[in-house]
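Database features (TrEMBL):
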DISULFID  Cys145-Cys171  disulfide bond
TRANSMEM  12-34  transmembrane segment
TRANSMEM  54-75  transmembrane segment
TRANSMEM  82-106  transmembrane segment
TRANSMEM  207-231  transmembrane segment
Amino acid sequence: MDCGIITSKTVLLLLNVIFWAAGGALVYVGSYVIKSYNNFDNFLEDKYTLIPAAIIITVGVVMFIIGTVGCCATLRESKVGLSFFLMILLAMFAAEVAALVFAFIYQGRIKGDLERSMSNVFQKYDGENSESRAVDYLQSQLQCCGVQTYMNWTTMPWFSSSNNTVPISCCKQNNTECTGKLDQPDLLNTQGCEVKLEQLLQDVMSYAMLVILGFAIIKFFGMLSVCVITCKSGRRTGYQTLYV
């Protein structure tokens, strides 16, 4: 058997094994991105930032099916199967490139999105409504206080209505002596939430972009291997047997 075909079939078989494992990995990554955004959806107005995650999940689900189809087509060297496999790889490659472009675009829009919405949410804080629960969750999870700094609370309606105190969620973890008074800055998280939330979302998006790029490169080598097998098989079937 031609060395090129052996190498290409080996690459494709390994690629199909990767598909089965990667399908689960992509679904996990997409779900993780959506979960990260949903945890802070009160502060994010632009829901289109979830498009890359939706594409990742869709590609991951399809990869389970593709792994089986590609494995059978590779072993049999079926032109029809390999052609179908190549079209699927092309479609997935295009989807991943699109996801990469969307992720790159929306990564730059995260800061602007946060700047427009966080102040409005913090202004509505009253300790009971849904915005309050979102703010408390944000401050306790990221160990932050206020938008840019904990002093931002002095301009909020909550500050004057609660005897000049900040929410208890501004207190440092496991600190039972904190009352939210500004005269106890050593007991409070003084860094603002905007920078921390922006960094978290940027890290999540960067992680997703690296995963997308990695699988796009794998798809490229897979398409190259399919072309090699198809061309080599076509040459073999074109030979005529000589009888002496």
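Heads up, the Cβ atoms here are built off N, Cα and C, so glycines get one too.
Predicted automatically and left uncurated, TrEMBL annotations should be read as such.
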When counting C-beta pairs under 8 angstroms to the transmembrane segment (82-106), the leading stretch of 12-34, 54-75, 207-231 is 207-231
Using a Cβ cut-off of under 8 Å, list the residues of the same chain at least 6 residues beyond the transmembrane segment (54-75) that approach it. 9, 12-13, 15-17, 19-20, 22-27, 29-31, 33-34, 81-82, 84-85, 88-89, 92, 95-96, 98-99, 102, 208, 211-212, 215, 222, 229
Let me check the 10 A CB neighbour count of Cys145 (disulfide bond). How many other CB atoms are there? 26
Within 10 Å of the Cβ of Cys171 (disulfide bond), how many other Cβ atoms are there? 22
